[in-house]
Each structure stands twice: as structure tokens, then as C-alpha cells.
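What follows is a structure written as C-alpha cells; I'll ask about it next.
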Amino acid sequence: MNPRKKVDLKLIIVGAIGVGKTSLLHQYVHKTFYEEYQTTLGASILSKIIILGDTTLKLQIWDTGGQERFRSMVSTFYKGSDGCILAFDVTDLESFEALDIWRGDVLAKIVPMEQSYPMVLLGNKIDLADRKVPQEVAQGWCREKDIPYFEVSAKNDINVVQAFEMLASRALSRYQSILENHLTESIKLSPDQSRSRCC
């Protein structure tokens, strides 16, 4: 029996203030709904270990603050991340309209830029009646950017696990691809090195 590979991945969750990022994270990691609203200042980190195929993943998930005045500070936490959950509140049109800014902030901090970077969009609070962002509009935004979309409820635990694990799977694929490319590049011999020489 082969031992499982172990991989550590850093994921981030970003979006406007009040969209439920902390509640989504607590629902995923602890299976509890985080009702008491407190603004996240900077970032907080939770970890979860999951198994995908033959790999044990340790997910370190950074919950970033959504306040405008902290955006430049928060964006420093994006560096070195392997994937991102973009979140908005389906009852708050402004949180949806701000997604391009959040996505742009994340992509501006990711190195190397030429690599694909896994993202998933979550439309949270589908349990509430006063919806302002139609599902079709969010799906259209995602189609343009080739990002998977999930309608979720942190309160009722709808699609939360599926969304996080879709991102984890894509982040793992990217990690493995980068690792393979790096190994391939380091193994290649230059023409001069490949010729055998004699004294």
C-alpha cells in the first residue's frame, strides 16, 4: 500500500464586508454557523485536513477582512496563495459589483502571473428572500472569467463543502502541474552538458 502524498495549500477567501466570509469558513471547517457578526481585521486563519484521491491536503484558509480601508493591508496576505474563493452576498448588489476589484487585487499579487490561478465564486445567503443578484447574472460573470460558481448558504450548509473542495482540487492540480514543470525543467540537459567529453 502506497503512503499518501501530503501537500500543504494556502487558500484565501475574499469579498466585500458583510458577505459572510467568516461564516462560510466556520461552516466548512467546524460545521457550525457563525452567527455573531464581527468584522475581520486583517486576516484570521483556520486549517482543515482533507483527502483527495491519493493525497492528504492540509488546507490553510485565510479569512481576509472586507473593509475598504484595510484592502491594501489585506492584499499582502494573497501572496503565496494557491487558490481563492471570491464571495458575495446575493442580497447585496454592491458586493457583486465589487467582485472585479477583489479579483483584480488578488491577481495583481499572484506570482507568476502567467500561471493559471484557481478561483471559485460563491453567492452566499441564498436562504434569504430579498435576493438582488439573479443567478443568471452571476453565472454570466463566471462564464466570462472561466470561474466555477456555487450558490451557497453558510447558515443552512448548502454547497459549502462542494465549493471549498472544488477549489482545493483545482489548487492541487495547479500545484502538481507547477511541480512537474519545475522538475522537467531542472532535469533537461543543455546541448553542451549532454555531449560526453574526454580529456
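A Cβ is built for glycine as well, from the same backbone N, Cα and C atoms used for every other residue.
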Looking at 14-27, 28-41, 140-153, 168-181, which one is motif 'Switch 1' according to Swiss-Prot?
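My reading of Swiss-Prot: the motif 'Switch 1' range is 28-41.
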I'd like the number of other C-beta atoms within 10 A of the C-beta of Asn124 (GTP binding site), please.
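A count of 30.
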So for Thr64 (GTP binding site), how many other CB atoms are inside 10 Å of its CB?
27
